[in-house]
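Annotated features, as they stand in TrEMBL:
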- A:13-302: domain 'UvrD-like helicase ATP-binding' (DOMAIN)
- A:34, A:35, A:36, A:37, A:38, A:39, A:40, A:41: ATP binding site (BINDING)
- A:303-619: domain 'UvrD-like helicase C-terminal' (DOMAIN)
DNA sequence: GTCTATCAGAGGGTC
DNA sequence: TCTGATAGAC
């Protein structure tokens, strides 16, 4: 039926049969299992374009959900390059962005103030800390962080405080705190990320007209990275698709649209934050999905890399089953390198990068992946010392910086004086002589009166002096001055009169912060509407280059080459569907700041080596990938070793890491590693045993020169950092001799000069076997004769000191 | 009220 | 080793 379109539309050129089938699926529920590098984003965007082009749906009937702003943006950029369409009319965005849009439109029904503001994770934590203090909650028994996880976890499961199943005293107390937290947020007019989702869901669930309106509207619902959805997000989708509880209860047949879910169970790496891979199977069952398409053809990596990924992931038990294949040929073998220390690993990495660059590889095509952020340090030092440009992903993002948060807090109080979190952040910043005592007093008054801190000031200032009064008066004056001012003017006004600017000017280390505040003004400036807010205006944030994007209303939807702005804002700024109100530029900007924490990639675009955790590498690809620190306890991470689910998630993580590489993949591990200020002795990762030997090539020391170059005691760093003193050198070399043979590479092992070899014949670094504790590695030796003791790091039982006269050890 | 010292804790992190 | 949070000293 669509074959004519299929053959004639340029959209569908160059799609493989599976991709084509996915793109041109009829209007029905479907699950697309999209392997890494199989063209998932392309399929999603092409399907939307195809639906529009063939007239099956208007832009308003599309709902496309992603997890990150980046993915949403990419989808829109690609879409607009495919056909001239007003992407603004479509609901394309992140779960939270779309929920925000929804709640802004129906804030009254959702029982929120029109100016409700969004708490990010930092704000949420400080709100909880404040709550705990106020109610004298023992923070030893209930650490605020843990409470935050509890509350977020409840919301992810769709549970309000009253829904929490109380089995013990601790849970009862936590649920109680959760209830108090809910009250506090409601009173202050703020919502956290979980609340955006939960409140949207509840409004859909409880309000039939609203629910039916959206069910009728969204004919096509597309979900990206479906394996990462949590319980609540899935329930939200069900509700919008007319498959929710209310529909099941069945008043009428619900007229919901079709859901196309795209995901890869093998890339599910976010269980720790509530993701439920099980949603994929539930979806198939509950939506009675008849159409399942597997995209297994990989366009990214060579054969050896894919073989490694396939073989590794085949060790997982619960899989939907999928194998990547390529027509690109085997390519180079996967290179494996064993270093003696983390320093040596870093030095070797640097040398290898140099060689790659000499051979013509761009630095930005080289990625170093690690399991946890702490591992980046030693690598950064090496890169820095060797003057190799690099860029680290992660860390503080623009809108999370302290000075930016401070400025935003002032701005938020302009819109919503009852936002106590913001109030607390800046009540004494810059310092204005308001200390703990006055604040505590103020909090008491506020609690007694059931009002915000702002409103409590007038009651207190009479007796507590004028500092607080002056502060609030200043806020109020600023607020009175803002009407009629542009967003830029408001921010500049606030920066000056809050004293922030002055404060950082006087601070000798405040220069960077001052510059960031300047950037905030720029960001606002670029964000601002060009032709008057609220009517037919379009507000646009800055694009990646920081250049203001301009788009006149006339060009909307007509010019596919027109630059794209933010997906969430235009509709935010349109008049409210119920009241006709519009969001102020300031409120819109604050929303933008909360939902998009901004870039943390300062030097984007530079040709630099890319450093990041495996988690943040998801969705990216590079010509050359180094996966470092492949040691048991590091990767897989030690916290995951105890349960089977944990190790399977680690394996998926490794799978993600491997499949980032296009041409060349390196796997490295080190015998010793500095962690928490101590030298740790790690066995190589168990994942090595799950990779196909035929695809691997073990790179190893060929001569003494190598050992010296990468041994612990050479070079300017390493020796000075050696906590174990001379042991490091011994260890390093001894280890080479004791490794199990891995091909010709160890044919010529480096044998270290031994100092006074003891009678028991053990050396540090040897692998030994103990009848009870199993395999382990000698870390340290002490004493002699009957007093001789050895510290052994056992794979399964951790580090133990054993008396050699008693313990039965055999050398492996 | 602010500054400095000491101590605990340290996985992954979007919105 | 390093960071952040808090307690006690100025």
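Glycine is no exception: its Cβ is also placed from the backbone N, Cα and C atoms.
Residue A:34 (ATP binding site) falls within a strand segment according to DSSP. Highlighted in sequence order, A:43, A:264, A:295, A:298, A:299 have their Cβ within 8 Å of the centre of the Cβ atoms of A:34, A:35, A:36, A:37, A:38, A:39, A:40, A:41, the residues recorded for ATP, and are not part of that set. Annotation for residue A:35 (ATP binding site): same-chain Cβ neighbours under 8 Å, separated by at least 6 residues, are A:264, A:266, A:294, A:295, A:296, A:298, A:322, A:324.
Under the three-state DSSP scheme, residue A:39 (ATP binding site) falls in the coil class. When Cβ neighbours within 10 Å are tallied across all protein chains shown, the highest count among the binding-site residues A:34, A:36 belongs to A:34. When each of the binding-site residues A:37, A:38, A:39, A:40, A:41 is scored by how many other Cβ atoms sit within 10 Å of its Cβ, A:41 comes out lowest.
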